[in-house]
Amino acid sequence: QIFNQHNAEAPNLEQAFHRMAQMEPNLDHDVSWFLLPSYWAKMVVALISFLCFANSYDGDFVFDDSEAIINNKDLRAETPLGDLWYHDFWGSKLSSNTSHKSYRPLTVLTFRINYLFAGGFYPVGFHVINIILHCTISVLMVDVFSILLGGLQFSNKGRRLNLAPKSSLLAALLFAVHPVHTECVAGIVGRADLLCALFFLLSFLGYCKAFKENKEGHMFSVFWVLVSVVLGAIAMLCKEQGITILGLNAVFDALVINKINLLELIRKLLYKDKSWENAGLLRKGLLLRITLLLCGGAGILYIRWRIMGTGPPAFTEVDNPASFADSLFVRAINYNYYYSLNAWLLLCPWWLCFDWSMGCIPLIKSVSDWRIIALAALWFCLIGLICQALCSEDSHKRRILTLGLGFLIIPFLPASNLFFRVGFVVAERVIYLPSIGYCILFTYGFSLLSKQAKKKKTLAVAVLGILLINVMRCALRSSQWRSEEQLFRSALSVCPLNAKVHYNVGKNLADKGNQSAAIKYYREAVRLNPKYVHAMNNLGNILKERNELHEAEELLSLAVQIQPDFAAAWMNLGIVQNSLRRFEEAEQSYWTAIKHRKKYPDCYYNLGRLYADLNRHIDALNAWRNATVLKPEHSLAWNNMIILLDNTGNLAQAEAVGREALELIPNDHSLMFSLANVLGKSQKYKESEALFLKAIKANPNAASYHGNLAVLYHRWGNLDLAKKHYEVSLKLDPMAPGTKENYNLLRRKLEQLQKKGG
């Protein structure tokens, strides 16, 4: 539907539109930069944005990727698609107290599609999609910046005119190569920001299409306004920031379409000047469009609120310490310091870190702290820009500065702590969208310098140098995101006070088997944050494996004292107490762990081991059975049941359990081995032999497999085969218990048979 409120006809010739555009100040007139046709400009931007992040295509799953993708059951085919609409980004129910309330079902859906097409968790496909998304967004930026910097004009054929081709190319290149975007592109979880940005831009471009037949707002399409609202909703379903595009569309409408002078309008409203009605609010359909945007935004937020529930997300003090400060002054001053750090990352994206929490940025508690200077600098710049945006007599300058500040500030508001507490201190990913505003302000600043500079080419070379440095920084940072080891180690020099950085370096080393080095980093994490229970738990685990049981017990006891519902620490404490032969305390610790985590198969498994040590066989079997009910593929629990039943002479029951286990886990060679032993004792030699051979085929270097098969042949009377497998077993493990004795017995028997035969 097209609303036509005036009968003034549009000019018939396309040249007339160009003449009209040239009557306004043109940013490109002062910018000393490359002039390329639109198609080539987009090709250049796409190619350079690809080069920046191409080396991340074969990276691993790193950091948050594990929780959001590998451990997220919503990606698997067995999870109904409908569940995505009731789960958060990490796969937890939105109604759960532990949910972070990050509602991004469309992003999770793309992860699921990636998983299904790849046939598993292969990161290449995930990374390639992220790179393609960033390239697409960067190309769209050419169109977006041409509108924001040059204004919105259409030819008589309905083709949008690019009135700032040089400026829009420069701004798009600045966006494409900004190193702060690396987390969004090289980190797979950053796809939420990329998809949000894609639909954010499409919503803006769709809103602009509403004025395709426009002459100063006289005509507009309700259809395209509604399309922009729908695209804004889709952006929000990818990430929460997406909803802010509706506010930016309203700002754009007021400033560009209706050319409202905000300062003049405010004055008229304050002095109750009736002429404000002619200032653009009631004409050109602005109120109708604003109403549509407001109603659409309110409806989207209401639906989101109903799905999410009323409870706020639960964050801890280490996630965002300023938000837990008792003093309003301390909260306010630290929030503003965080804003200045975000601004600095846009200006100088050299010190980048995957995580800025846990002491990385100590709280400012006094005005004597030298970091107050950063706040003063930030607000000095912002107030200066706002004054120019409101008070300048140059309407072109007012428009560009207001749009630049709008795109810088409004998308950042959901991460600002102003409306609700967020779960981070600084996060590079949340300034993906605000960087649009930075690029506008940078380009406008460059145009002002170019206007004043005598050596324009020198200035252009300097900007080209900045772009080149950013490209190299992006490539370097992308390579750091390829593996957890490189990513975590890169953070040590940026945030040496961040306990989580040391914890992650330690965990990575422990996973690779370097326990000695891991201990060093875990100890440093605990030193930096004496309440870091996860570091205490992991350090306690390593010390337990190294038989340093008393220190392990101290750490784990402290961890559960700090966080009484920490189920994993309770279980590990029980294992240590069991090793110290304090069985009653161990049993109590296990049950406390199960109390805090009802479905805890590993804890039931360890509880079963405790009962087996105490000869409480029925209790042990029940505990292991609980473990297999909760986790049917729990091989260790099945094995222990078979072995315990075998050792207690319940061969029929052991056989039944073994067959049940192999039906569930048919390729587990340890289960084949255990069942083969039982069948051998039951004189089911043929079936036992088949299982032994199958187990050996799966794991040919297991000495015990060959040794026990040799025992089977020995009993069965196949002495030559028995001799062969005894010898293989001894070759693999010369110290194998009992094998040498059995082999010697067999040799003597063979010698006796040879003598009789002789």
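Placement of Cβ uses the backbone N, Cα and C atoms for every residue, glycine included.
Predicted automatically and left uncurated, TrEMBL annotations should be read as such.
Within its own chain, the transmembrane segment (33-54) has Cβ neighbours under 8 Å at 130-131, 134-135, 138-139, 141-142, 162, 165-170, 172-173, 176-177, 182, 185-186, 460, 463, 470-471, 474-475, 478, counting only residues six or more beyond its boundaries. Marked as transmembrane segment by TrEMBL: 33-54 (among others).
Look at TrEMBL and you will find 131-151 (among others) tagged as transmembrane segment. Sequence-remote contacts of a segment are chain residues at least 6 beyond its ends whose Cβ falls under 8 Å from one of its Cβ atoms, and for the transmembrane segment (131-151) they are 21, 24, 26-28, 38, 41-42, 45-46, 49-50, 53-54, 56-57, 160, 162-165, 167-169, 171-172, 175-176, 181, 184-185, 191, 194-195, 197-198, 201-202, 204-205, 208, 252, 256, 399-400, 403-404, 407, 436, 439-440, 443-444.
When Cβ-Cβ distances below 8 Å are used as the criterion, the transmembrane segment (188-207) is approached by residues 61, 63-65, 68-69, 89, 104, 106-107, 110-111, 123, 126-127, 129-130, 133-134, 136-137, 140-141, 143-144, 147, 224-225, 227-229, 231-232, 234-236, 238-239, 241-242, 244-246, 248-249, 252-253, 411, 429-430, 432-433 of the same chain, each at least six residues removed from its ends. According to TrEMBL, the transmembrane segment annotation covers 188-207 (among others).
The feature transmembrane segment is assigned by TrEMBL to 219-237 (among others). Here the transmembrane segment (219-237) has long-range neighbours at 1-5, 103-106, 195-200, 202-204, 206-207, 209-213, 243, 245-246, 249, 284-285, 289, 292-293, 296-297, 300, 304, meaning same-chain residues at least 6 beyond its ends whose C-beta is under 8 angstroms from one of its own.
According to TrEMBL, the transmembrane segment annotation covers 243-266 (among others).
Positions annotated as transmembrane segment by TrEMBL: 286-305 (among others). Through the fold, the transmembrane segment (286-305) approaches residues 3, 103, 210, 217, 220, 222, 225-226, 229, 232-233, 236, 243, 246-247, 249-250, 253-254, 257-258, 280 of its own chain, all at least 6 residues removed from its boundaries and within a Cβ separation under 8 Å.
The domain 'DUF1736' feature in TrEMBL is assigned to 311-383. Summed and averaged per residue, pLDDT over the domain 'DUF1736' (311-383) gives 89.
The transmembrane segment feature in TrEMBL is assigned to 372-391 (among others).
TrEMBL lists 403-424 (among others) with the feature transmembrane segment.
Here TrEMBL flags 430-449 (among others) as transmembrane segment.
With a threshold of 8 Å between CB atoms, the same-chain residues lying at least 6 positions outside the repeat 'TPR' (499-532) that come near it are 63, 318, 353, 355, 357-360, 484-485, 488-489, 491-492, 538-539, 542-543, 545-546, 555, 562. Residues annotated as repeat 'TPR' in TrEMBL: 499-532 (among others).
The repeat 'TPR' annotation in TrEMBL covers 533-566 (among others). Residue counts for the repeat 'TPR' (533-566) under DSSP, helix first, then strand, then coil, are 27 helix, 0 strand, 7 coil.
Taken residue by residue, the repeat 'TPR' (601-634) breaks down under DSSP into 27 helix, 0 strand, 7 coil. Look at TrEMBL and you will find 601-634 (among others) tagged as repeat 'TPR'.
Sequence annotations record features per position, and here TrEMBL assigns repeat 'TPR' to 703-736 (among others).
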| Residue numbers, six or more beyond the limits of the transmembrane segment (372-391), whose CB comes under 8 Å of its CB atoms | 262-263, 333, 336-337, 339-341, 343-344, 364, 397-398, 401-402, 404-405, 441
| In terms of Cβ proximity under 8 Å, which residues at least six beyond the ends of the transmembrane segment (243-266) contact it? | 147-148, 151-152, 200, 203-204, 207-208, 211, 214, 216-217, 228-229, 231-233, 235-236, 276, 279-281, 284, 286, 289-290, 293-294, 296-297, 300-301, 390-391, 395, 398-399, 402-403, 406-407, 410-411, 413-414, 433
| note | Summed over the repeat 'TPR' (703-736), the DSSP helix, strand and coil counts are 28 helix, 0 strand, 6 coil
| note | Within the same chain, the residues 6 or more beyond the ends of the repeat 'TPR' (601-634) and with Cβ under 8 Å of it are 567, 571, 574-575, 578, 583, 586-587, 590-591, 593-594, 640-641, 644-645, 648, 661, 664-665
